[in-house]
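Student: TrEMBL lists these features:
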| type | residues | note |
| --- | --- | --- |
| DOMAIN | 76-533 | domain 'Amidase' |
| ACT_SITE | LYS121 | active site, charge relay system |
| BINDING | LEU170, SER196, ILE217, GLY218, GLY219, SER220 | substrate binding site |
| ACT_SITE | SER196 | active site, charge relay system |
| ACT_SITE | SER220 | active site, acyl-ester intermediate |
Amino acid sequence: MKCSKYLSMKRDITQMFYCTIHSFIDSFMENHSPSVFGCKFVHPMTDSAHIVTLSLSELTKQLKEGLLSPEDVFYSYMEKTLDVNKKLNCCTGILLESFDQLKTASSIKEGLLYGVPVSIKENIAYKNHDSSCGVIINLDQPVEKDSVLVEVLKRQGAIPFVKTNLPQGLLNYDCSNPIYGQTVNPHNLQKTSGGSSGGEGSLIGGGGSVLGLGSDIGGSIRIPASFCGIAGFKPTAGRLSSQGIRPIYRGQKSVLSSSGPMARDVDSLALCMQALLCDHMFSLDPTVPPLPFNTQIYQSSKPLRIGYLENDGYVQPSPSMARGIREVKALLEQAGHTLVPYSPLNISHAAHELMIKGVLADGATTLLQKLVGGPVDPCLRSQVLPYYFPKWLKKTLSFLLKPLVRCLFLSIPDLWKQHAAVEDYISETIAHWRRCDIDVLLCPVIGPAYNFLYCGKNTHVLTYMMLYNLLNFPAGVVPVSTVTAEDEEELKHYKGVYQDLMDKSFKQAVSGGEGLPVAVQCVALPWQDELCLRFMKEVEQLIKQSRK
């Protein structure tokens, strides 16, 4: 099949999306306008433009108090999503069943997310819909049942209403595929949204969703959160159910994936975690430890001992990444917290021997098999090209380059050794953390948003993100600033740690970012998810106070 056929398919799907949503909105207005729009004259503040500006906390409060109806909120966000998607191409399809769910929404008023429209990443199972992961070979395979997380969202009164875009094959931090096309950044249409949960980042950053679910195996929640100026949280793997969350391939155990919430603020992330960590989820998936959300830890005001790093020694951060850390460090110190310098252990070894060898232990064979039957997307092409090289060439280049081509077949004994090495690295890192006597860690997150087609060329930068998947530490991202003219001027003199082609490529990727969001990353030890969120909330509040 030729590329033109796939482009035609993409246009058809997009057109179907627009036609469907217009049709249902028109039908909704015809059938419900007397009550819904009549309400506007009684409560002037419940107009659609106002509704979509409410925080999740404000929205749930007004829904529970009856000041807003689920129909008010659903229609407002459906309309807003249409407008945002036209500009950003962030959605893959409407969940038409949401209109039926809306009719019975009032029966679940006790749910923590009663009446809240929620967007979900395309690889999260929703009954009778594809979870294609952006590859042609997975199309026309609708799943038979909802993922556990979708079931729990519905039980908590939320209304999943739209699926969002991702990169071809998931293992990339851009957001483009041959089926649905390129998602762009809400702050600059000439920049990527990031990925792999880039559709969520773009839709929420553009105002089209108040809460979304993504997944993260190497920064896939945190990078689009950074690029799009929103908050995102990667919980400890295993804290939330993974049943019905489709990876591009299964069986890889070295670097763990985790689903998590994305929203405009940290309180929204915490509320989502509280809603998901309920008896219903623990019953549906007994492999998840029955640990309800610990509100006491999240709301604590105890001073923290905080490790911080500005540079991991493997990749020099962009000027705005480093400045974000310095500014937040100063605010935390002023607030009475103790800041302690921290350096991660042997990042080069972790990147080459643990992360890349773990994710691509089969020499990328399974990933390449998933790409059969369709064109390789431009955002992925430079990344996967080395995977097609013969073994002898991979071995030669692996001595010359960073992890770009370090995907060699591991024998079963070697894979077991690699798993043992990961376990050792985790133990050593926790011991190092305790020697530093820190509660949490403040560190950079990749940013600002890249120019197009640079994500696949800059896999080396993922050490700032994938390290915490390898360690299985909870980690989240909070927006703290925007790129300044001074940042751009300093970038002109950027050299990098190795001063090689990859450092030069990173410089090119982030250039032209003035005005784009800048974020920081907050990390805690495994299963201390509430502490990580509490730290994120502290950073968010200090930033807000500093702006006043």
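Note: Cβ is positioned from N, Cα and C throughout, glycine not excepted.
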Student: Drop a 10 Å sphere on every Cβ of the binding-site residues LEU170, ILE217 and tell me which sphere holds the fewest other Cβ atoms.
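Tutor: Among the binding-site residues LEU170, ILE217, the lowest count of other Cβ atoms within 10 Å belongs to ILE217.
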Student: How far is it from ILE217 (substrate binding site) to LYS121 (active site, charge relay system), counting Cα to Cα, in Å?
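Tutor: That separation, Cα to Cα, works out to 14 Å.
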Student: These are the recorded positions: LYS121, GLY219, SER220. Which one scores highest on other Cβ atoms within 10 Å?
Tutor: SER220
Student: Given the binding-site residues SER196, GLY218, which one's Cβ is surrounded by the fewest other Cβ atoms within 10 Å?
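Tutor: Selected from the binding-site residues SER196, GLY218 on minimum Cβ neighbours within 10 Å: GLY218.
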Student: Given the binding-site residues GLY218, GLY219, SER220, find the one whose Cα is closest in space to the Cα of LYS121 (active site, charge relay system).
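Tutor: Out of the listed candidates, the nearest Cα belongs to SER220.
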Student: Inside 8 A of the center formed by the CB atoms of LEU170, SER196, ILE217, GLY218, GLY219, SER220, which other residues of the chain have their CB, for the recorded substrate site?
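Tutor: Apart from LEU170, SER196, ILE217, GLY218, GLY219, SER220, the close residues are LEU171, ASN172, TYR173, GLY195, SER197, SER215, ASP216, ILE221, ILE223, SER257.
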